[in-house]
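Participant: Quick one: the structure is below, questions incoming.
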Amino acid sequence: MTKAKNIRAVAFDLDGTLVDSIADLAAAANAVRSSESLPLLDDATLASFVGDGIGVLVHRTLSGNRDGVADEVQWQRGLAVFVDYYSRHLSVFSRPYAGAVTTLGLLKSLGLPLAVVTNKSEVLAVALLRQLGLADEFSLIVGGDTLPERKPSALPLLHTAEVLGVSPQELVMVGDSANDVLAAKAAGCFSIGVRHGYADMDTLAADEATRPDWIANDLPAIYDYLAPVLKAAREAG
């Protein structure tokens, strides 16, 4: 609670945090597999490949392994197929998680500016948020290619804090992956993990390096957690 009372802005990861996008990502990944005459992979396997940007996702998709690397020529072909397919099918199945829209509105009612900090390319992130009617909720959208470094680097969150006019210690990062927690720790931000995402939050919490400061069972719980803390801090200050 000590750090939470200082919060003045909130940054959200996108895939697996605000939006359940795995079905569309998996369809694009399997379009890549099909183009190379490879057997299709199930959504659960592909979900474990998500979180480090499209380039890495294509390597993992082609190799069928989270640590795999495709050869350069095959990767270039696969990347072109993925971007073409996914850009045309961004929101066929993708939807905001339960309570997302309400939670964003409630957080803004507390006077907290909101941002998205994702490893998805900025163009695709903005397009997806627009298609889902969420883009206008955010003061800033930072993609994996917006800056020279992406999460787990501290840079995206340091940039976000600067643009929003708060210190890193006044920014909370909400996410579902190790990259989100690691970026928050590196930047000195408060971190909130969500259980509904693509990583096992209990596994992350078991390791001090990837343990968030607080874990939310769902998005509305974030407002329920922050509202009384911030109210008490403002009344005391």
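Using N, Cα and C of the backbone, Cβ positions are placed for all residues, glycine too.
What TrEMBL says about a protein is an automatic prediction, not a curated fact.
According to TrEMBL, the Mg(2+) binding site annotation covers D13, D15, D176. Residues or ranges marked as active site, nucleophile in TrEMBL: D13.
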Participant: Taking the centroid of the Cβ atoms of D13, D15, D176 (Mg(2+) site), which other same-chain residues have Cβ within 8 Å of it?
Facilitator: L14, G16, T17, L18, V50, G51, T118, G175, S177, D180, V194, G197, Y198
Participant: Looking only at DSSP and grouping its letters into three states, which state does D176 (Mg(2+) binding site) belong to?
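Facilitator: For D176 (Mg(2+) binding site) - judged by DSSP and reduced to three states - the answer is coil.
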Participant: List the residues of the same chain that sit at least 6 positions away from D15 (Mg(2+) binding site) in sequence and have their Cβ under 8 Å from its Cβ, in sequence order, or write 'none'.
Facilitator: S21, I22, L25, V50, G51, T118, K120, Y198
Participant: Let me know how many other Cβ atoms fall within 10 Å of the Cβ of D176 (Mg(2+) binding site).
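Facilitator: D176 (Mg(2+) binding site): 27 neighbouring Cβ atoms within 10 Å.
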